[in-house]
Amino acid sequence: MIVAIDGPSGTGKSSTSKAVAARLGLSYLDTGAQYRAMTWWMLANGVDVQDPAAVADASGKPVVTSGTDPLHPQISVDGTDVSGPIRSQEVTAAVSAVSAVPEVRARMVDFQRRTAAAAPAGIVVEGRDIGTTVLPAATVKIFLTASAEVRAARRSGELNGAVSVAATREALIRRDAADSGRTTSPLAKADDAVEVDTSELTLDEVVDRIVALVEQRRAAVR
Ligand SMILES: Nc1ncnc2c1ncn2[C@@H]1O[C@H](COP(=O)(O)OP(=O)(O)OP(=O)(O)O)[C@@H](O)[C@H]1O
Ligand SMILES: Nc1ccn([C@H]2C[C@H](O)[C@@H](COP(=O)(O)O)O2)c(=O)n1
């Protein structure tokens, strides 16, 4: 059972994927956290993240490790837990450039496929290209969306309004444009993905909807 959950920034992929995996007893993989971890390492080691050749050259050096327990997601680089630092504004501003480099993607995609293949009961994998490129044979593919206004309000709320909704909205739109516009496996909805607009749904409603789709698919293949 492989569930692929893709979508633009801030549509609820992480919250939804963790909850769906926990409800169904599946493993969980946050591929965005892996690209963030690679970006954190590049910044910490003085690599010019706007220079694709420099990023490509350095991309084999860090060892990125992901935990797959949806109740305790973990991400580390060279044995150091980076779950806090990878959420910094600096990493968020640089991650689209680093993740657009084909050598970075090749390493990550290989790791993501091996992680999915090793999951004992199945896995929920979230990202931007899971249904299209990483796991195109996924059992269930979901593409989450939400209006830019709703996404910005949710994110700004997380920071207690420290960054305005307008600035958050602009940053989300800029990152989505970069992620959709890159050449190698851009953010895209797979043709056979089910689109779920979360703008007017609570988290529980989104989770219920996806769990129901997975259970339907399970029943159909039995
Ligand atoms: N259906 C929902 N209703 C209300 N708030 C939600 C819903 N889904 C997610 N959220 C909230 O929206 C914010 C963004 O959610 P989340 O981090 O899961 O999105 P994401 O798509 O993984 O983001 P990113 O792409 O930036 O990693 C969080 O504060 C989360 O609690
Ligand atoms: N499968 C993926 C997952 C993520 N990325 C890139 C693009 C995002 O802007 C960035 C951070 O992801 P987030 O933590 O916001 O989900 O990582 C990608 O290219 N492919």
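Residue positions begin at 1 at the first shown residue.
Placement of Cβ uses the backbone N, Cα and C atoms for every residue, glycine included.
Annotations in TrEMBL come from automatic prediction, not curation.
Annotation source TrEMBL lists domain 'Cytidylate kinase' at 3-215. Taken from TrEMBL, the feature ATP binding site applies to G7, P8, S9, G10, T11, G12, K13, S14, S15.
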Near-site residues: ATP, ref G7, P8, S9, G10, T11, G12, K13, S14, S15, CB cutoff 8 A to centroid: T16, L144, A146, R151, T198
Of G7, S9, T11, S15, binding-site residues neighbouring ligand 2, Cβ under 6 A: S9
Residue with minimal Cβ packing [other Cβ atoms within 10 Å] among the binding-site residues S9, T11: S9
Spatial neighbours, same chain, of S15 (ATP binding site) - Cβ under 8 Å, 6+ residues apart: L203
